[in-house]
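What follows is one structure encoded as C-alpha cells, with my remarks underneath.
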Amino acid sequence: MSKLVLVLNCGSSSLKFAVVDAENGEEHLSGLAECLHLPEARIKWKLDGKHEAQLGNGAAHEEALAFMVETILASKPELSENLAAIGHRVVHGGEQFTQSALITDDVLKGIEDCATLAPLHNPAHIIGIKAAQKSFPALKNVAVFDTAFHQTMPEESYLYALPYNLYKEHGIRRYGMHGTSHLFITREVAGLLNKPVEEVNIINCHLGNGASVCAVKNGQSVDTSMGLTPLEGLVMGTRCGDIDPAIIFHLHDTLGYSVEKINTMLTKESGLQGLTEVTSDCRFVEDNYGEKEEATRAMDVFCHRLAKYVAGYTATLDGRLDAITFTGGIGENSAPIREMVLNRLGIFGIEVDSEANLKARFGGEGVITTENSRIPAMVISTNEELVIAEDTARLAGL
C-alpha cells in the first residue's frame, strides 16, 4: 500500500506543500505559494527541477491549491494517483487536542473554536482543509497540532499569574508552538546520543521568522517560550516577544494608539523589523553587524534574549542537560548568532568550535562545540513535514 502523504501548511498569506513517503521519508515534491491575496502572488516548486509561476492578482489559498493539483500534480500522474492521505499542520489546538487527530466535522469545529488563539493561522488552516477535502474527496485528512507536544508541560510552566478563573473559564494559559519541530529534534538527538527518547534532556532553539525555545526533559516538553499565542517569548522577525504588558496601556492611554494599531505594531512591525527600522531579514542583521548601528542593535537584543531563555531553562532539567540544539532557518544557517548566544553561556562551560560552527550551514549539521565543552551544542535540520507525514499515515491506517 502507498504511504505517499500530501503535507499542507497554510499560513496567513502562504501555502507550503510537499509529497512525502511516510515509510522512508523521501520527499517527492516540495513547494511554496507566497504573497497570497497580493498582486504578486506566486508559486515555486521542486519537481524534476525548480519551477515558478505567477498565480494571478490577489490569488488566495484555493487558487494556490488548485494550481498545485491541476498543474503540478497533474504533470506527474504517478504521484497524484498514489496519494494515500493528506496531513495538515495546524498551529493551535488549545487544550482540546493533545495529539494529532483524524479530521472529522467535530475536529474541524474544534480547530475553528481555537481560531481566536491563532487568528492569523487557524482560519487559513481551515481553508486549506476544506479545499483539500474538495480536491481529494476520497482521501483521509489528518490535523497535526503545533501545540500538542507542549501539553506535557506542568502547571507551573503553563499558568500565568493572573486570576485563576481566566484559565478555568477561558483557557488563558501558555500553549507554545513549533511542537512538531521540537518533537523531531528530540527524536534526532536521541538517535545521535544513542539514548531512548524518554531519557533525553535538551534545550532546543527553533529560530526562524517565528522563533521559540523548548526545554525537553525525559523526552517531553516541560517549558517553552511562546505562550497563549505565538507573540510571546523571543525577539522574532516582526514579533516583539516579551514586553512589559503595561506598555500596551501606555500606547493606548497616553499616546492614543488604537487597539488595532497596537496589535499590528506588536505582530508585524516589531522584532528585528522594529529594532532595525529597515527589515525583518536576519541576513541583513548578520551581514551588517558591527558596521551599521541598527543591525548591531537588533542582533545584540536578539542574542541577549535567546541566551537568557536558554540559561533559564536549565533550571527545569534537574541538573542534566544533554545538548543545546539549533534548528529552523536562522538556527540552521546563522553561525554568528549561534556563536554569540553560546559565548554568552560560558558559565556552563560551553566552548564553541568556530570552524565546526561555520561548516554547519546550508544543510550542514553536527556538533559545533569543542571536545572540552561541558555541554555539546548541535545544529540539526528540522523536518516537520516528515513528522506530519508519519502521524498522518498512522491515523489514516496506511
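Numbering starts at 1 and runs along the chain as it is shown here.
Backbone N, Cα and C atoms are what each Cβ position is placed from, and that goes for glycine too.
The active site, proton donor/acceptor feature in Swiss-Prot is assigned to D146; the stated evidence is sequence analysis. Residues annotated as Mg(2+) binding site in Swiss-Prot, with sequence analysis given as evidence: N9, E384. What Swiss-Prot records for K16, H206, L207, G208, N209, G210, D281, C282, R283, G329, I330, G331, E332, N333 is ATP binding site. Sequence annotations record features per position, and here Swiss-Prot assigns substrate binding site to R89. As annotated by Swiss-Prot, site 'Transition state stabilizer' applies to H178, R239.
Swiss-Prot feature annotations superimposed on the structure.
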residue	record	Cβ contacts under 8 Å, 6 or more apart
N9	Mg(2+) binding site	L15, K16, F17, H88, R89, E384
D146	active site, proton donor/acceptor	R89, V90, V91, H92, G93, G176, M177, H178, G179, T180
L207	ATP binding site	L234, L306, F326, T327, G328, G329, I330, G331, S334, I337
N209	ATP binding site	M236, G237, T238, S280, G329
D281	ATP binding site	G237, L272
R283	ATP binding site	none
E332	ATP binding site	F326, A360, R361, E365, V379, I380, S381, T382
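In sequence order, G210, P230, L231, L266, T267, S270, G271 make up the list of same-chain residues 6 or more apart from R239 (site 'Transition state stabilizer') whose Cβ falls under 8 Å from its Cβ. Take the recorded positions K16, R89, H178: by the count of other Cβ atoms within 10 Å of each Cβ, the lowest one is K16.
The number of other Cβ atoms within 10 Å of the Cβ belonging to I330 (ATP binding site), over all protein chains shown, comes to 25. Just so you know, the Cβ of E384 (Mg(2+) binding site) picks up 24 other Cβ atoms within 10 Å once every protein chain is counted. Spread of the ATP binding residues is 22 Å (greatest Cα-Cα distance among K16, H206, L207, G208, N209, G210, D281, C282, R283, G329, I330, G331, E332, N333). R89 (substrate binding site) falls within a strand segment according to DSSP.
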